[in-house]
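Take a look at the structure below.
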Amino acid sequence: MERNNKIRHHTELNGEERLIVRRGQPFSVTLHLKPGSQEFTPGETSFTLIVQTGPLPREESDTKVSFGLSDSTVEAEWSASATPGPSGNTVSVSISSSPNAPIGVYSLTLDQEGQKTSLGDFTLLYNPWYAVYMSSETKRQEYVLAQHGLIYRGTHKRNKGTPWNFGQFEPGILDICFKILDENPKFVSNADQDCCARRNPIYVTRVLSAMINSNNDRGVLVGEWYDFEGGVHPTDWIGSGDILQQWAESGPVSFGQCWVFAAVECTVSRALGIPCRVVTNFESAHDANANLVIENIYDENGEDISEGDSIWNFHVWVDSWMTRPDLGSDYDGWQASDPTPQEESEGVFCCGPVPLKAIKEGELTKKYDAPFVFAEVNADVVNLIRMSNGEDVMFSSSTKSVGRNISTKAVGLDERHDITHQYKYPEGTEEERKVYEKAQHHNKLQKKGEEPGLHLKIKLAKNMVIGSDFEVHAVLRNNCMVARTCNFMLFANAVGYNGKRGESCGFVSSKVEYTRYGSLITSDRLIQLVAITMDKQTRSYHKAEKTIVLDEPDIEIKVQKDGWAELLLLNPLPEPLEDCSFTVEGVGLTDGKPITLKYVTVGPKEEAKTSVDFTPSSAGSSVLLVNFRSNKLKNIRSFINITVQE
């Protein structure tokens, strides 16, 4: 019967010896009658069942419910029916929870004529097969049950899926997810109200958006973009399980960045039964002053002196699937929420959930945080030169540069799925401009075209591997009938994925050399190239900009039949790698914890080679993730699909 419950409720992957069920759907328990007890007779024998959750269960809050036996269970409320077992000394009880019941750990008590008997506890989750309804079984398999995925990083033209172990069904993770809810400030201030509100996935998703970061509370992750002393570099994490277990043991974990925040929220959402996907927005705007315009300001030497607004090379958040009874059925479906602490919402660092339809249609009054998310994917951009007299002169603008190739993992495939069309109409179309103008209201942006006679662009080499020198060219074309005299600069900067410039790699003539960029770039392997020219006759400025991501070396993984794998990586740098290590993790393969194998030094152009033993704990499909790090190379990932036979 226990196995039947797990199969019907899609909780067999939890693998725990306890009852875990999904709301709005019947589950069965078997009662064993004491010796000498009367046999159970349908229609004559009666008893009452009491379910309770939270520290202060109350009937008024629906955290305590009493219900008797009926001829059959009903879908709309807590109900039960019972039939005698074949031997006469057992009773099979079918219990159906309310589809709107709060999720949580419940106690189950039998009350027969005032004599109460505890029947134990069970855990109630959201039900994407019923109450948080998602109609496609293949999508439920991907967005609820899949324990691994890909998170896309890089630039909109050159990106790659980073493998991640969500591990939502690993031992202990579900308890940690409920601990997160119990640690949130709303629970601390009013536990009764908070537990009651857990019936609503909108509420829970907003709580998770705040609790995955630690800015206002004892949340899971500490965000850091510059100084990683005393913590784990965000690129070193390869799964959510290690992070959640560390948080449960000792509080906020150092450190996270956007893809780590999003991956952990995805794990917790899937564990609780909310369908969830990790989403990457390339060229993602951070609109600090909420005017739906990103204002890039440069001095006369081309240095970025912008004040608050920025464009991240990529930013990662999550979409969660749910109904929106507060907004109407038109807004059911995917809802964006973001646990990365960027701006406060209602006094707390959280964002969403907001319907994708509201973003696409420019409905910025819809809850929650629609203006901020709309700007992330659809803000307009103006480029300004701040003259020596303090005047800002606009030299170019763009309506198409923000929100490129919005990506998530494809359903059932290790491929990128472009979902830009779910967030906005095609750039430059009449529909997209109408939506922007509706969202902008009175704050319309007056467009100004570039000087028609001069066109500036940057050309790149085809292969740009970290460790190599590579060619870049800036091309300035004069389509005018007269000659123009121009000042010209081309320079390179290290840059973080959040668009923050690092140190300069210097002015570029024809090559970007490893000796100039090697010690400056971050683990994101991003370099920003900027070309600026000024027409001396018209004093008009022109600017071209490209952010490039350098190709990383491949990790070769060879899995052997007798439970071990060989790992190999070629050092592409012209200098040795120190403090090298491979970290390996796989659901059902590494006992829920990463395995780290240290490798002291790898010479220039030499191979790092090692092997790892693993013991599968269950049959079926899994994924082995591998991460390589060293003092010079970090965030080198690979994975291989593994099928474990019985």
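Including glycine, each Cβ sits where the backbone N, Cα and C put it.
Feature annotations, courtesy of TrEMBL:
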- 250-341: domain 'Transglutaminase-like' (DOMAIN)
- CYS258: active site (ACT_SITE)
- HIS315: active site (ACT_SITE)
- ASP338: active site (ACT_SITE)
- ASN378, ASP380, GLU427, GLU432: Ca(2+) binding site (BINDING)
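Mapped onto this structure are the features recorded in TrEMBL.
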residue : record              : Cβ contacts under 8 Å, 6 or more apart
CYS258  : active site         : TRP312, HIS315, VAL316, TRP317, THR340, TYR497, ASN498
ASP338  : active site         : SER209, PHE261, ALA262, TRP317, VAL318, CYS350, CYS351, GLY352, VAL373
ASN378  : Ca(2+) binding site : LEU292, ILE359, VAL402, GLY403, TYR423, LYS424, GLU432, VAL435, TYR436, ALA439
GLU427  : Ca(2+) binding site : THR399, LYS400
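Within 10 Å of the C-beta atom of ASP380 (Ca(2+) binding site) sit 22 other C-beta atoms, taking all shown protein chains into account.
Same-chain residues with CB within 8 A of the center of the ASN378, ASP380, GLU427, GLU432 CB atoms, the Ca(2+) site residues themselves not counted, are ALA379, THR399, LYS400, VAL402, GLY403, LYS424, GLY428, ARG433, VAL435, TYR436.
Counting Cβ atoms from all protein chains shown, GLU432 (Ca(2+) binding site) has 18 others lying within 10 Å of its own Cβ. Within the model, the domain 'Transglutaminase-like' (250-341) shows a mean pLDDT value of 93, rounded to a whole number. Residue density at HIS315 (active site): 26 other Cβ atoms are found within 10 A of its Cβ, drawing on all protein chains shown.
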